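The annotation active site, 4-aspartylphosphate intermediate is assigned in Swiss-Prot to Asp349 on the grounds of similarity to another entry. Under the heading Mg(2+) binding site, Swiss-Prot lists Asp643, Asp647, citing similarity to another entry as support. If you look up Swiss-Prot, you'll see 1-78, 122-262, 317-699, 752-775, 828-842, 893-918 marked as topological domain 'Cytoplasmic', on the strength of sequence analysis. Sequence annotations record features per position, and here Swiss-Prot assigns topological domain 'Extracellular' to 96-99, 283-294, 723-727, 795-801, 863-875 based on sequence analysis. Per Swiss-Prot, transmembrane segment is recorded for 79-95, 100-121, 263-282, 295-316, 700-722, 728-751, 776-794, 802-827, 843-862, 876-892, and the stated evidence type is sequence analysis.
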Amino acid sequence: MKVARFQKIPNVENETMIPVLTSKRASELAVSEVAGLLQADLQNGLNKSEVSHRRAFHGWNEFDISEDEPLWKKYISQFKNPLIMLLLASAVISILMRQFDDAVSITVAIVIVVTVAFVQEYRSEKSLEELSKLVPPECHCVREGKLEHTLARDLVPGDTVCLSVGDRVPADLRLFEAVDLSVDESSLTGETAPCSKVTAPQPAANGDLASRSNIAFMGTLVRCGKAKGIVIGTGENSEFGEVFKMMQAEEAPKTPLQKSMDLLGKQLSFYSFGIIGIIMLVGWLLGKDILEMFTISVSLAVAAIPEGLPIVVTVTLALGVMRMVKKRAIVKKLPIVETLGCCNVICSDKTGTLTKNEMTVTHILTSDGLHAEVTGVGYNQFGEVIVDGDVVHGFYNPAVSRIVEAGCVCNDAVIRNNTLMGKPTEGALIALAMKMGLDGLQQDYIRKAEYPFSSEQKWMAVKCVHRTQQDRPEICFMKGAYEQVIKYCTTYNSKGQTLALTQQQRDLYQQEKARMGSAGLRVLALASGPELGQLTFLGLVGIIDPPRTGVKEAVTTLIASGVSIKMITGDSQETAIAIASRLGLYSKTSQSVSGEEVDTMEVQHLSQIVPKVAVFYRASPRHKMKIIKSLQKNGAVVAMTGDGVNDAVALKAADIGVAMGQTGTDVCKEAADMILVDDDFQTIMSAIEEGKGIYNNIKNFVRFQLSTSIAALTLISLATLMNFPNPLNAMQILWINIIMDGPPAQSLGVEPVDKDVIRKPPRNWKDSILTKNLILKILVSSIIIVCGTLFVFWRELRDNVITPRDTTMTFTCFVFFDMFNALSSRSQTKSVFEIGLCSNKMFCYAVLGSIMGQLLVIYFPPLQKVFQTESLSILDLLFLLGLTSSVCIVSEIIKKVERSREKVQKNAGSASSSFLEV
């Protein structure tokens with residue numbers, strides 16, 4: 001069987017362009033051969049001009065998604081709605097019966113209704129498309145000798161890419177460096193066990209992807225270790241291309257709220273069709289024109305059935321999510337918007353979320369008891385190390401220098417141009433070395449082996465040899481949590497001598513560590529020696545990570561509103577409690593629990609004590625799962641933050657998984673429901689506030705739409721049963737439907753968030769959106785609209801002859817009622833004057849547009865013919881405005897009564913329940 005060496009994309013401009021190597025062929029070749037074929041420099045990478053040249057040939061590293069259905073087809077598909085088809089049938093029947101005016105009127109109305117529905121659906125799709133672009137994949141790439149953080153779509157064949165734990169592989173890579181590398185290829189091969197990766201060429205195999213152990217495939221996840229690889233295939237030329245096309249066919253599931261709206265719509269449709277059928281039957285029995293009754297009934301079905309409700313819900317949720325982006329929170333899944341308002345427990349990591357994650361070493365304790373203070377902040381060389389009033393530099397003080405050496409060599413971070421590339425804790429140690437002029441030590445050693453840091457073991461170690469002394473034995477350097485590092489130490493350094501580590505010394509170091517921790521410092525221990533288990537303890541460094549600005553205020557606000565906050569950290573008990581107390585999380589009645597204690601507890605026992613626990617210290621991601629389960633067992637809705645690979649399972653288990661945008665791994669971001677762009681705890685509060693506001697807005701337009709639907713249905717039903725002439729014709733009913741489903745309704749979905757909403761207790765997730773209180777308000781509004789409209793119709797019918805003026809007055813009365821009803825629906829608790837008449841500009845424009853449209857329908861001759869209206873006097877309009885404002889006035893009175901009652905209850909000592917009382 002003949003195997004092609006590579007796939008080559010034709011290009012008339014340049015026949016010598018770099019090929020795209022297949023993963024099968026690349027796995028069989030040596031690294032040098034692959035680099036030669038791709039004309040790549042493994043160490044320095046490509047230069048910018050070469051990248052541009054290759055991109056022009058190969059394109060971006062992304063997939064060509066099949067083109068969307070043309071807009072005209074989407075528009076035509078709107079006519080497939082059964083109700084629209086029935087209206088078209090009535091228009092055809094009107095033509096056959098030579099009632100051309102009616103046919104034209106119905107057709108114009110259909111076009112308007114279909115256009116509004118099309119625009120709504122288009123907005124919904126576009127909003128959801130925008131959401132998918134909020135989290136672009138990124139990677140680390142070497143170009144022109146520098147490590148760069150760039151978008152994955154920028155990669156071209158021949159690029160050198162660096163991988164670390166938690167990264168998603170950005171393109172197909174031929175690996176040339178791999179340290180303890182393990183990759184999860186389940187998204188590609190279906191195999192759940194991570195695959196170990198190597199760099200050696202692989203013999204020709206049967207084409208099985210799993211056998212290509214020197215290839216990292218695009219879209220797979222790095223579970224362990226780190227590596228470097230050369231890009232051999234991008235976009236559709238990667239092995240993931242076909243898988244991606246299949247993924248595109250999957251439809252996103254509907255949110256619970258959308259499902260409930262669908263169910264509500266179906267229930268209303270069922271009842272509406274029943275009532276409309278009765279109206280047709282009664283009208284026919286009373287001798288009314290059957291075609292007229294059919295057209296009115298179908299029009300009423302279009303208006304009364306809130307088919308646009310799920311679409312408006314989607315648009316509101318999507319627009320709300322886009323607003324959250326401005327507040328630095330990316331919500332990946334729409335259901336989370338609903339869940340945010342129910343959240344009553346937040347489990348937050350300390351570092352980078354509650355604190356700034358700007359690590360700076362401020363204190364050093366050597367193993368022989370010497371204390372050193374460190375000045376300066378940030379990832380730079382500005383600052384000094386002071387011992388007993390003297391500035392130490394270089395190897396002036398061996399005890400301090402050995403600590404700095406260990407911290408510098410056992411380190412993967414790089415500081416370039418005052419910019420950190422790596423972990424903040426490691427950056428603090430490099431900055432310390434820079435202050436002493438010892439940062440070059442990192443390059444003086446050749447790393448032979450590495451034991452990467454993990455949240456489980458809480459230490460990192462490297463085995464090295466000095467470049468100038470490679471014939472000497474290897475030396476190990478270790479850094480990590482004191483409790484773990486001290487286990488590997490048998491001796492300690494004392495004034496240049498190596499002495500046996502006694503229990504007395506261990507107790508002394510433990511006391512110093514506790515003292516530094518109680519001052520809010522993160523404490524790291526450092527050691528070195530010939531091998532693990534025979535290390536010499538060198539000392540401790542204290543690293544400060546100050547609380548973020550505004551976090552304390554956010555914590556206070558959330559706790560007051562009934563949201564319990566738990567801090568989860570890998571730090572010591574002293575450090576954790578010191579920071580928690582400073583933030584207002586920890587009080588005299590609070591408890592703290594260690595990760596080890598969580599391990600020994602059953603979920604049942606943990607669920608009993610967890611309400612009083614404010615701090616979980618020395619905790620790792622595996623403990624988070626148990627904490628979540630214990631909280632959920634008590635009925636809590638839990639938000640959990642995370643940034644590491646091991647956090648992914650906990651984030652999926654939480655009701656709201658929150659990933660860190662800056663420090664979070666790709667695995668973590670993928671598992672999360674929400675991403676904090678700036679890793680700031682305050683952003684969680686802003687998201688909860690926005691989530692509550694969005695839910696309130698949905699309630700507002702549900703109230704508006706249902707009250708209008710019920711009023712329209714009731715009005716025609718009563719008129720038919722009372723043997724009145726029809727108060728509204730088909731075109732007028734369709735116009736009302738446009739107002740009900742159109743701009744005024746949608747503008748209620750973008751009402752600015754009430755600043756007081758964050759102080760309200762979390763909503764019970766089991767509560768229906770249609771509460772008793774909301775149903776009462778819907779019915780009150782519907783009754784007022786029906787009674788007012790029937791009164792106007794009866795008043796105009798006193799001559800017992802129905803005229804265009806009669807229906808125009810009735811029609812305009814209903815529309816004006818709708819506008820005032822929309823105004824009162826802007827808030828369920830506050831007066832329209834309190835929230836501001838013009839605070840929602842979109843609402844003002846929507847209502848103004850609707851009123852202008854109504855005036856055109858009344859006064860513009862061509863539209864008068866379509867809607868069968870006639871001009872009204874200014875006195876008529878003033879009369880209607882006075883009457884229809886009653887729906888808003890009554891609503892305001894109800895709100896006032898509710899607020900007064902709530903105030904009385906508060907004064908009586910009634911308190912909202914919260915999870916803290918569970």
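Every residue, even glycine, has its Cβ placed from backbone N, Cα and C.
What you are looking at is a predicted structure, and each value in this text was computed from that prediction instead of being measured.
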Using a 10 Å cut-off, grab the number of neighbouring Cβ atoms around the Cβ of Asp643 (Mg(2+) binding site), all chains included.
27
Report the DSSP secondary-structure composition of the topological domain 'Extracellular' (723-727) as helix, strand and coil residue counts.
0 helix, 0 strand, 5 coil
Which of 728-751, 776-794, 802-827, 843-862, 876-892 contacts the transmembrane segment (700-722) most, counting Cβ pairs under 8 Å:
776-794
Integer Cα-Cα distance in angstrom, Asp647 (Mg(2+) binding site) to the residue listed as 'active site, 4-aspartylphosphate intermediate':
11
By a 10 A CB contact count over all chains shown, which of the recorded positions listed here is most packed: Asp349, Asp647?
Asp647
Interface check, the transmembrane segment (843-862) with the transmembrane segment (728-751), three or more C-beta pairs under 8 A:
yes
What same-chain residues lie close to the topological domain 'Extracellular' (863-875): Cβ under 8 Å, and 6 or more beyond its ends?
101, 104-105, 108-109, 729, 731-732, 735, 803-805, 807-809, 811-812, 856-857
Between the Cα atoms of Asp643 (Mg(2+) binding site) and the residue listed as 'active site, 4-aspartylphosphate intermediate', find the distance and write it as a whole number of Å.
9
Could you give me the DSSP helix, strand and coil counts for the topological domain 'Cytoplasmic' (828-842)?
6 helix, 0 strand, 9 coil
Helix, strand or coil at Asp647 (Mg(2+) binding site), per DSSP?
helix
